[in-house]
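Here is the structure we will look at.
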Amino acid sequence: MADPKGSTSKDGLDDWCIVEAECSDIENDLEELFDRDTDSDISELLDDNDDLDQGNSRELFHQQESKESEEHLQKLKRKYLSPQAIAQLSPRLESITLSPQQKSKRRLFAEQDSGLELTLTNEAEDVSSEVEVPALDSQPVAEAQIGTVDIHYTELLRASNNKAILMAKFKEAFGVGFNDLTRQFKSYKTCCNHWVLSVYAVHDDLLESSKKLLQQHCDYVWIRGIAAMSLFLLCFKVGKNRGTVHKLMTSMLNVHEKQILSEPPKLRNVAAALFWYKGAMGSGTFTYGPYPDWMAHQTIVGHQSTEANAFDMSVMVQWAFDNNYLDEADIAYQYAKLAPEDSNAVAWLAHNNQARFVRECASMVRFYKKGQMKEMSMSEWIHTRITEVEGEGHWSTIAKFLRYQQVNFIMFLAALKDMLHSVPKRNCILIYGPPNTGKSAFTMSLIRVLRGRVLSFVNSKSQFWLQPMSECKIALIDDVTDPCWLYMDTYLRNGLDGHYVSLDCKHKAPIQTKFPALLLTSNINVHNEITYRYLHSRIKGFEFPNPFPMKADNTPEFELTDQSWKSFFTRLWNQLELSDQEDEGDNGESQRPFQCSARSANEHL
């Protein structure tokens, strides 16, 4: 029979090896084991109470979420904010503080914590001494690949004052302030031919295309781009306001209006002119067209305006005399417009006594014109006036109108001849008739072409109301009424006779003069008034009984223009017995124009 499986006890092995476990009564007694659990070191590990407290789980969840959010925030700060922002801005600024800095004290006892809260606290204390300022130019690597245009838009969106940001970047790029090159226009409707524009974040392709497109709008173009800023100096062919310029540039460069700074340039600043002049010589600057006059005046040696010319009053008087400017406002405005072309006008604008020069110039021109008029005969005066009339007309218009008013043309021509030659008691013509018959239109057209004067009886209370009669060759008193007829019958009989009278003029003693040729219009036929019988022989009257005819389009049937009177005097020159101009010039005198300006010693004759 075989041996049973398993281990067999052999001699000598049971002395040192425990083959079987010894049984204990205590371990087998489970009840006794549970009874002794109160004496254990881990007592109250299990709560046998049946009542369980829920606890504030929502507050615990909120605390955990707050910790996670704070961790994410600290990671972002360490990633995007530069701790050396102040040192990068200025090393000296970092050392300047408003309050004394205190060194952190060492802790006497090390804090015991799980690690997270204590670490965050220490990091906050270490960074609190430096101010974290986000740099506008700092961008993450991933965002920098999007494009510089998007970065520039982001900078403008982050800025609270767009204009200040643009001006700061302009000065950083070009080294000068934008206001140092420009003068301010507050209104968007003020027009100017010259504009300076600083445009931010323009695409390179659009900037290159604008160099060609602007040539059709401007006489001079100056363009330069540095970094994100582009500077334009545009001299437009016609004046434009700021709104029009912005509309043109936004459509051409595909930019927003907030990206544009626009002001007119300083035209009288040498430093600003030198900036544009020297900048045009740089390799990075595009220019088109000749230099503007205001730039050339201040930069180019030998230019006419660079010479320090003193103001010459005689040149201004000669200019006003040649252009027939007698009014002070016309002289001041027109001479100021002449400044870009005349150095004497520039000197006048730079003078402190502009108003005094204008008054004196107007007075001198009136003196010269009055002296010239007195020297001329009536024939020479008429010839001079009709020579200045441009265009051609036909004298038959006047003849037809007189025939329409049932006026004998031969008798009117004879009366006009006597009036122009100042025949005694034939020196005045009266046109009378009902209202709206063309009396004033007829006489006013003659006064206009012969440069006569109009007197108004409304000023008769002044003793100087007849003063214009001493400054003209022909005068008109329109719409004479009974008070005016009474005044003429009382005071003006000698004047209507063609004799010398004493005429009181303002700011001077009474002068001895004769009345010029006088035209009157009235609704009263003075020849039918017995009260004014002493005026009958002194006035030649013609009646206009018919209403003035008008066309369907409300235009006059008879056009009494300067050209019509020019043709009238030219055609009837001999019938009016006006002297020939060639006969008046046979005395051998030179027919040179009047010269009232001072000549230089070396000027050619």
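The backbone N, Cα and C atoms fix where each Cβ goes, glycine too.
Residues annotated as ATP binding site in Swiss-Prot, with sequence analysis given as evidence: Gly433, Pro434, Pro435, Asn436, Thr437, Gly438, Lys439, Ser440. Residues near Thr437 (ATP binding site) in space but far in sequence (CB under 8 A, at least 6 apart, same chain), listed by position: Gln405, Phe544, Pro545, Asn546, Pro547, Phe548.
The compositional bias 'Polar residues' feature in Swiss-Prot is assigned to 588-605.
Look at Swiss-Prot and you will find 407-557 tagged as domain 'SF3 helicase'. Averaged over the domain 'SF3 helicase' (407-557), the predicted model has a pLDDT of 92.
Taken from Swiss-Prot, the feature phosphoserine applies to Ser82 (among others).
Look at Swiss-Prot and you will find Ser90 (among others) tagged as phosphoserine, backed by sequence analysis.
The region 'DNA-binding region' annotation in Swiss-Prot covers 145-308.
Positions annotated as region 'Disordered' by Swiss-Prot: 580-605.
Local packing around the binding-site residues Asn436, Ser440 was summarised as the count of other Cβ atoms within 10 Å of each Cβ; on this measure the leading residue is Ser440.
What surrounds the ATP site, by Cβ distance within 8 Å of the Cβ centroid and not counting Gly433, Pro434, Pro435, Asn436, Thr437, Gly438, Lys439, Ser440, is the set Thr521, Asn523, Phe544, Pro547, Phe548 from the same chain.
Gly438 (ATP binding site) carries neither a helix nor a strand DSSP state and counts as coil. Pro435 (ATP binding site) has a Cβ environment of 9 other Cβ atoms inside 10 Å.
When Cβ atoms from all protein chains are considered, those within 10 Å of Gly433 (ATP binding site) total 21, not counting its own.
Residue density at Pro434 (ATP binding site): 12 other Cβ atoms are found within 10 A of its Cβ, drawing on all protein chains shown.
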